[in-house]
Every structure is written in structure tokens, then in C-alpha cells.
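As written in Swiss-Prot, here are the features:
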LIPID     Gly2  N-myristoyl glycine
TOPO_DOM  2-17  topological domain 'Extracellular'
TRANSMEM  18-32  transmembrane segment
TRANSMEM  34-53  transmembrane segment
TOPO_DOM  54-58  topological domain 'Extracellular'
BINDING   Cys57, His457, Cys465, Cys467  Zn(2+) 1 binding site
TOPO_DOM  59-422  topological domain 'Extracellular'
CARBOHYD  Asn73  N-linked glycosylation site
DISULFID  Cys85-Cys223  disulfide bond
CARBOHYD  Asn88  N-linked glycosylation site
CARBOHYD  Asn130  N-linked glycosylation site
CARBOHYD  Asn179  N-linked glycosylation site
DISULFID  Cys186-Cys204  disulfide bond
CARBOHYD  Asn216  N-linked glycosylation site
DISULFID  Cys269-Cys282  disulfide bond
DISULFID  Cys291-Cys300  disulfide bond
DISULFID  Cys354-Cys375  disulfide bond
CARBOHYD  Asn355  N-linked glycosylation site
CARBOHYD  Asn363  N-linked glycosylation site
CARBOHYD  Asn380  N-linked glycosylation site
CARBOHYD  Asn385  N-linked glycosylation site
TRANSMEM  423-443  transmembrane segment
BINDING   His445, His447, Cys453  Zn(2+) 2 binding site
Amino acid sequence: MGQLVSFIGEIPAIVHEALNVALIAVSIIAIMKGLINIWKSGLFQLIMFLILAGRSCSISIGHHLELQHFIINSTSLLPSMPTLCRINATNSLIRGPFSAQWGLDIFIGDLTILVNPEPGSKTKRMTATNITGCFPNNEDPDSVAQVLSWFFRGVHHDFHLDPTILCDESVTVFRIQMNLTERMYCDRIVSKLARLFGSFGDYCSKVGKKLVIIRNVTWSNQCHEDHVGSMQLILQNAHNQVMRFRKLQNFFSWSLVDSAGNSMPGGYCLEKWMLVASELKCFGNTAVAKCNINHDSEFCDMLRLFDYNKKAIVNLQDKTKAQLDSLIDAVNSLISDNLITKNKIRELMNIPYCNYTKFWYVNHTGLNVHSLPKCWHVRNGSYLNESDFRNEWIIESDHLVSEILAKEYEERQKRTPLSLVDLCFWSTLFYTASIFLHLLHIPTHRHIIGEGCPKPHRLTSDSLCACGFFQLKGRPTRWARIP
């Protein structure tokens, strides 16, 4: 310790000698380069893997880079409309308008709960003019009847020609049964349900009874609401409304304004009421400029959606009956039909598709710079795991880093002489001889033999992972190294 203190005290005198300055510089460079080479050899990664094996599935995509996302809040975007969501393969849900605390559970299966009414039974036949007769004791029969009317029109049910709908009520719970046993009727109803909630597979080809059961339930966040499904419900009711058609153009430049019509030269902010569980999120002029170049981005489609319909969105805040008519008038302005059709085709082909609800982007937390958001795709009614599109966000992070480095290089060229950069480069190159540790090929993580890279999952020696993704114990593993 005394020698170290003496050395530090002599530094002012040492730096007067050019050779001593060179020795200090070489020593610092050698130590730093040695640490970097050890890191690149994989030794630190191996130690980190052994500590976190079986406990963590996280992965870093670079210094200060994080994968983040935001979710559009459909209840604030379309407050007067019922919102739709999918719970599982057989159950879907329609939530009442204005964030109601009740909803309608749509069950598709083969369980018969109601039979044709007999004298003295509680079972009734539903008619187009007396929907409320199925639930006279409900607290809000008019709202429930309105949602059911929209639903039946959306699936194109004809009360005069199609099979009779049965219903009954017990205290505050009512049940409605649609019989889909007739093949042509089943194909028509299920195809319309698929447009609202997603594919139900080849349901109508099954043998036996085929039924849709509707019952009222209490809303308790059973699933995440999908505003695209609500728009589909509007479109499928469009034959009852007078609509003006307008489609988004493919190639044009556009600017942004706030909800009051004032110009926003600094970029665009998604207001807090548009997002789920997130604060105000702003995207600068860089993102807007990218949207003028990249016309295939789902995020840019969403920006156009909000930008073209500022007045419509402001009107949606007035909870009046006239609001519904103006919403029907503006539905083709809210989102282009070809975008919905494109994603529905991808859904039918079992290809991950965009539901225009959740978007991901790579954010550099140190510089507060982010990439252009991209759609978080959906398959079979659920969002893809981060590892399913790992290559995409790693490539996106590489592009973001390249943009940052290019910008920093241009700025540094204005302040730093090129000769100084060359001097640093050649002095660093001299010490690359310490890269011999790369010859050791130290492994960094485990692979299951015969399968691809399990990253970001960290497998134990029993081939398990704490997140539950790898559950089969005792599979043969081998050590591998990050390329």
C-alpha cells in the first residue's frame, strides 16, 4: 500500500518524461485490452451462465439496449362500442360499451342446455323485436339488447329464415342458445365469428350437435380487448348504415398535429389514454421521417390512423347516442380494409399476423434513442414469445447501433483530428496479440443435442428451465459457444 501511495504521489514528476508517459499509456491499454480479450474468450459468459442456469431466461441485446413495447388501449379509442377478445379455443368475450362491468361469454361447443319450449317451461324463443324478453330482470336490458343486436347482425343471423334461437333466465343469469347443426348455417355463422374473434378451425365438419351458448358474466379482465375485432363488428354491421369510403394512400408524405389541430414539429406523442399500463410515449421526427420512407410498417399505419382521425377521436369522448352514428361514418377512415384483409389471410394460413394492438421497439436507454416500432405478431390468439422473433429484434438493435455510431462518427469528425483516430487505432492493433484466449474455445451455454440454440433460456444439467418452456427432464445436453 505504501508503494502505491508513493507511486501516486510521484505521478506529477513522472509525466514530465515522454518515455514514462508512453509506458503508462501502454500499460493502461494492455490491461484494458487484456480484460476485453478475456471477455471475448467466453470465460465471463460461462461464469454468468453457471450462476443463472435454470433461474433466468433474460438476454441482453447490447449495452444500454432493451426490448420494450406498448399496447393500444381500445376501450378509450372506441368507448361507445362493445369490445371483443378471445379467452381460449372455445370461449370468447364481448364487453359492454363504456367500460361496462358486464360482458357476454360466447361458448362454441356441443353441449345442449336448452330444448324447445313446452307449456310451463322457462325456455323462450328469441325474436328480432323482443330480444329483451329473454332477460327481463337484467339491470341494463337496453344495453345488453343493443350489443346482442349488433352481434346477431354481425354474424348475419336471420331471425325469419335461420334456426330459432332459444333463451331462458334464472335470477340474474340468462342463457342464449344457437343451434348450428345445419351445415350451411354453421359455415356462415362460424366464418363470421372467425372474423371477429379468430379462427375456430374446421368446427362445422365435426359430427354431432354444434351449438353456440351466450351467457352474461361479470367483467374481470379475463382477456385483453382487441380494437380490431370491434372494428370488424362495425364493418360486418355496415350493411345497415350509410358509409363513405376512403382508403389510405400508399405513397405520400405527411405531418402530425395534436388533438386540437396545432402543429407538432417535435414529433408525435401517443396520448396516455391510448396506451395500456404506460405513461405518455413520444416518437420524434426520426420515426416520422422513417414512416415517410417505409410504407409497409404496421406502426406507421397506426400513426396514420390517429393522425387522419383526430376530429373523430375527439368526438368519441362525448358519450352520446349520436357518437355511434359518427363512428360508423368514420370506420373506413380509422383503418384500411386491405390491412385487415392482409392479416386475416395470414391468420387463416397459420402465419403470425398483426392485430395492430401491441408493438415492440429497441430502446437505447443511455441515449434515449429507439428504433421504429414494429408490430408484435400473434399466432393462435396469443402473442409470440420474445425468442420466436429473436433474430428480428437483434437485427433491429444492430441497425439502431449502426445509426447511432454513424451519427456519433459524423459529430466526432467535426471535433477530433483524423490523425489522432489513426494513432489510437494502430496502438490498439499492436496489443491484439493477447487474443490467444480465443484459441481455448471456452463454452458459454448448454444445448439440447439435436435441437437449435435455446437462448435466451439457460438450461440446467437436467435440461430444464425455470420459466417452464423446457419441461422434459434428463434430455442429453452438450456445451456450446456463442459464435
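Heads up, the Cβ atoms here are built off N, Cα and C, so glycines get one too.
For the disulfide-bonded residues shown (Cys85, Cys204, Cys223, Cys354, Cys375), fewest C-beta neighbours within 10 angstroms: Cys223. Just so you know, of the glycosylation sites Asn88, Asn179, Asn355, the Cβ with the fewest other Cβ atoms around it within 10 Å is the one at Asn88. Candidate glycosylation sites: Asn130, Asn216. Fewest other C-beta atoms within 10 angstroms, Asn130. Here the candidates are the binding-site residues His447, Cys453, His457, Cys465, Cys467, and by Cα distance the one nearest Asn130 (N-linked glycosylation site) turns out to be Cys467. Ranking the recorded positions Asn179, Cys186, Cys300, Asn385 by Cα distance from Cys467 (Zn(2+) 1 binding site) puts Asn385 first. Within 10 Å (C-alpha to C-alpha) of Cys375 (disulfide bond) lies none of the recorded positions Cys85, Asn385, Cys453, Cys465. Per-residue confidence over the topological domain 'Extracellular' (59-422) averages out at a pLDDT of 74. If you take the Cα of Asn216 (N-linked glycosylation site) and the Cα of Cys85 (disulfide bond), they are about 15 angstrom apart, rounded to a whole number. Its Cβ placed at the centre, Asn363 (N-linked glycosylation site) has 20 other Cβ atoms within 10 Å. Shown in sequence order, Arg446, Gly452, Pro454, Lys455, Leu459, Ala480 are the same-chain residues outside His445, His447, Cys453 whose Cβ sits within 8 Å of the Cβ centre of the Zn(2+) 2 site. The two recorded residues Cys223 (disulfide bond) and Cys453 (Zn(2+) 2 binding site) have their Cα atoms spaced 32 Å from each other.
The Cβ of Asn380 (N-linked glycosylation site) lies under 8 Å from the Cβ of Gly198, Asn350, each of these being in the same chain and 6 or more residues away along the sequence.
On a Cα basis, Cys186 (disulfide bond) lies 8 Å away from Asn179 (N-linked glycosylation site). Of all the recorded positions given, namely Cys300, Cys465, Cys467, the one with the smallest number of surrounding CB atoms inside 10 A is Cys467. Between the recorded positions Cys186, Cys453, the minimum number of other C-beta atoms within 10 Å of a residue's C-beta occurs at Cys453. Closest in space to Asn355 (N-linked glycosylation site), of the binding-site residues given as His445, His447, His457, Cys465, is His457, taking the CA atom of each residue.
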